[in-house]
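For reference, the structure discussed in these notes is given below.
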């Protein structure tokens, strides 16, 4: 079909030629699938796609290493681990004459496996299966078919994932980098550690008040008389509680909850050391 006829066909359908052209991802996925099918046809003995497993995918990935362009240094090499030797000296000459093998980069292999997995699902996954029987068992049939299709996909095998992880770790060690992320510390624990050193007795009182259940005290009850030995002793206000009334409650004053009979914040200045 000529370009003019293709343009005319696109105009009749209401779609421009740019919209009919497949995306770069789709084109690359189609080329990768053709390469894999050619590899299966050239395999000795010839291998059918329905008999393909994760082990055959690993053979295909190792076969692609022949055409790799990423030099992966090995432990005897001076450049192993990301070390850059100086410009002069025998170490630099040995690094220049490095004979480490060329491999496929981990990122290229990971993207290739992802495209082939998607291509397999399009051709032999749920798209190629007959429709499930409508009715009450339709949902169960769909879930069963999707799980069986995922299990039958050789590019989604666990061995392939482990191989990609090993390739990533080996190339990371050769380059002297790490893909492991550091664990972030929680901000709440750090703030608590910073504020835990100070506070003293006041912090202890506030913590006790926050966890203590409220005490229901009937309002309007008359206060009991003070002991005879405390007659004439002046009372003052204190933020840290009451010697007679106990800890500082949520509501201060006479009859307040959690403040005792004589209210929160009342103490005896002359007898403070005696009672404490």
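Placed from the backbone N, Cα and C atoms, the Cβ positions cover glycine too.
The feature region 'Disordered', as given by Swiss-Prot for the ranges 142-177, 178-213, sits at 178-213. The stretch that Swiss-Prot tags with region 'Disordered', taken from the ranges 1-30, 31-60, is 1-30.
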